[in-house]
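Feature annotations, courtesy of TrEMBL:
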- A:1-18: compositional bias 'Low complexity' (COMPBIAS)
- A:1-22: region 'Disordered' (REGION)
- A:32-56: transmembrane segment (TRANSMEM)
- A:88-299: domain 'ABC transmembrane type-1' (DOMAIN)
- A:92-114: transmembrane segment (TRANSMEM)
- A:126-145: transmembrane segment (TRANSMEM)
- A:171-197: transmembrane segment (TRANSMEM)
- A:218-237: transmembrane segment (TRANSMEM)
- A:278-300: transmembrane segment (TRANSMEM)
């Protein structure tokens with residue numbers, strides 16, 4: 001059998017059998033994918049383009065939704081909105097605090113659990129409970145527990161000498177909503193980190209111990225690098241959630257007091273569904289989307305550079 | 001390969017696609033053009049001509065609607081119409097109504113039309129009820145429109161300069177001075193000696209005296225933790241609480257506040273919160289909150305009410321419909337009075353709402369909806385709601401207040417606890433005492449600007465003068481953008 005093949009001339013038309021049906025422009029695979037692509041278009045692309053159209057329009061509701069083109073008016077307003085700029089700063093502070101605390105506590109708890117030989121599953125089960133509660137319920141729990149008339153935490157803080165109202169002060173309210181989020185989502189980081197820790201090869205750890213590495217050295221040079229990919233995924237998940245944080249603040253402080261907890265998602269909700277200023281809300285939403293995508297891309301880029309996406 | 005008599009895959013897929021397309025077209029035609037009107041039955045009974053119809057009523061989760069929901073059977077027996085009641089928090093209600101109107105649908109036939117969040121922005125999407133009231137084929141309005149308390153009919157039912165009536169007054173929460181009558185009686189003489197005036201709450205008291213009474217409770221008794229509490233959370237409630245003081249001191253949000261409050265407009269003109277009376281009111285409000293329960297800054301009206309009933313505070317301004325809850329918690333220990341006077345007047349903010357009919361309804365649906373609106377605001381229904389165990393508000397009709405059993409219930413012991421507030425709210429509803437927010441379509445955004453700046457003022461971030469000037473600038477920016485629904 002010869003291994004030599006002759007290459008057909010590039011411009012030569014393929015021979016067509018007489019009477020054979022003409023080949024369709026879209027092949028079998030494209031036709032099989034078409035329903036899925038159409039569904040995706042309906043669910044994602046049409047809303048996206050609609051929101052983009054809204055961002056350059058004044059949206060009227062009565063008598064059926066109608067868009068009146070206003071050019072870049074909404075975008076110009078966005079660029080000069082000082083309140084929104086402050087809300088972005090607040091959102092970023094919130095983002096850094098929640099994600100940072102969750103990562104620290106989550107990894108710390110995972111390391112403790114990893115060392116726990118007996119009852120690990122029971123402790124892990126208890127630890128995961130907050131994660132299964134709906135965020136709005138976490139908000140309500142937080143509100144009731146810090147209520148100055150009947151709240152348990154308020155009473156405990158009173159015993160410790162804290163006289164004020166936790167949700168009444170600007171700094172304390174911000175700290176309270178950060179801690180509520182940390183309470184709820186630290187277990188997720190713990191779970192992911194623990195999964196990563198259990199996959200660190202025993203042989204490497206034993207080799208490090210034989211070489212005389214201390215606990216801290218082993219943690220810094222062996223364990224953390226081994227689970228860094230898993231931690232990045234955890235960070236990615238939480239980062240994208242934190243930037244869209246809404247429920248707990250909406251239930252507890254509604255953005256107050258004195259706007260201290262008004263983050264961008266609260267402002268977006270307010271603009272869209274309280275003021276029905278849908279054109280401007282579309283601008284805020286699109287910028288939020290862009291920021292979320294940028295954060296996701298940054299993390300995915302890091303993962304790619306580590307060769308962890310293949 | 002195809003065998004004779006066996007379906008091949010391609011044929012099967014084609015058949016399935018054809019079936020799906022057929023079903024889709026059917027569903028689309030049913031959704032788009034298949035709306036059917038309610039069936040009208042030939043009968044002499046004007047109440048039963050739409051028997052078998054189902055109506056949807058969307059309402060805020062208020063005590064009056066809880067009472068209506070618990071007391072629907074008489075309506076169903078009278079008309080044969082079934083009513084589904086959807087109760088929601090007000091913000092969620094406004095969203096659903098807006099989307100229903102935007103979609104050209106009438107998923108909700110009867111709408112709880114908050115004057116500021118539904119009526120003002122969407123009055124063009126509501127039915128003018130005068131046409132239905134004048135329709136001889138439908139039952140007329142018992143007592144006519146004139147039986148409704150005039151300020152309430154204007155504030156909750158009208159919008160703009162025309163004569164249209166878009167909603168019938170359905171509930172009428174109004175802020176009054178709620179106080180622990182037992183504590184005022186216990187300490188009356190001592191307080192009078194210390195303060196130098198009769199501390200008994202009433203329209204003749206001033207806000208300055210209110211302040212001094214509150215401070216007296218702070219300093220002189222252990223019966224309560226604080227003299228006064230307020231609903232000063234960064235929320236609509238803060239604007240409501242402050243408005244009482246603002247109007248009392250002669251300030252207002254816009255020029256011609258009375259006309260704006262009763263009839264509303266799309267173009268309110270320049271904001272007037274930067275005037276001296278408004279700044280004076282803000283200064284007083286901040287001073288008042290400095291001696292109030294510190295948790296006031298975390299309470300809306302729902303947080304304030306338990307603070308009073310749990311014995312934490314001695315008095316507060318709150319909606320009069322909380323009286324039933326007060327009486328349940330501590331029977332006989334509460335008193336009610338109009339809010340104190342400022343340098344200009346006593347002002348009691350009105351928070352009432354009407355019920356309206358969706359303008360997208362088909363003719364017979366609209367008539368059936370009118371039967372419900374008519375019944376739900378009828379004197380006998382309002383009387384029944386007053387006695388309801390499920391809650392209930394106070395009537396919006398003059399004739400109900402004139403009934404002997406209602407008059408008798410104004411005095412203790414009373415079977416109708418909400419009506420214990422009647423003497424106070426009757427004074428509060430007088431045109432010179434009622435407090436009406438500007439009925440403008442962009443009120444929601446203005447409201448947010450007001451309570452946000454007030455919250456900053458209470459947190460110490462802004463001085464009262466700066467808070468008022470900043471609010472003025474923001475409101476002017478909002479109103480300058482105009483409104484187009």
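Cβ coordinates are placed from backbone N, Cα and C, and glycine is handled just like the others.
All TrEMBL annotations are machine predictions without curation.
By the count of Cβ pairs under 8 Å, the stretch nearest in packing to the transmembrane segment (A:171-197) among A:92-114, A:218-237, A:278-300 is A:92-114. When Cβ-Cβ distances below 8 Å are used as the criterion, the transmembrane segment (A:32-56) is approached by residues 26, 67, 69-75, 278-279, 281-283, 285-286 of the same chain, each at least six residues removed from its ends. Using a cut-off of 8 Å between Cβ atoms, the transmembrane segment (A:218-237) and the transmembrane segment (A:126-145) share fewer than three residue pairs, counting only pairs 6 or more apart in sequence. Long-range contacts of the transmembrane segment (A:126-145) within its own chain (CB-CB distance under 8 A, at least 6 residues past either end) are made by residues 109, 113, 151-154, 167, 176-177, 180, 183-188, 190-191, 247-252.
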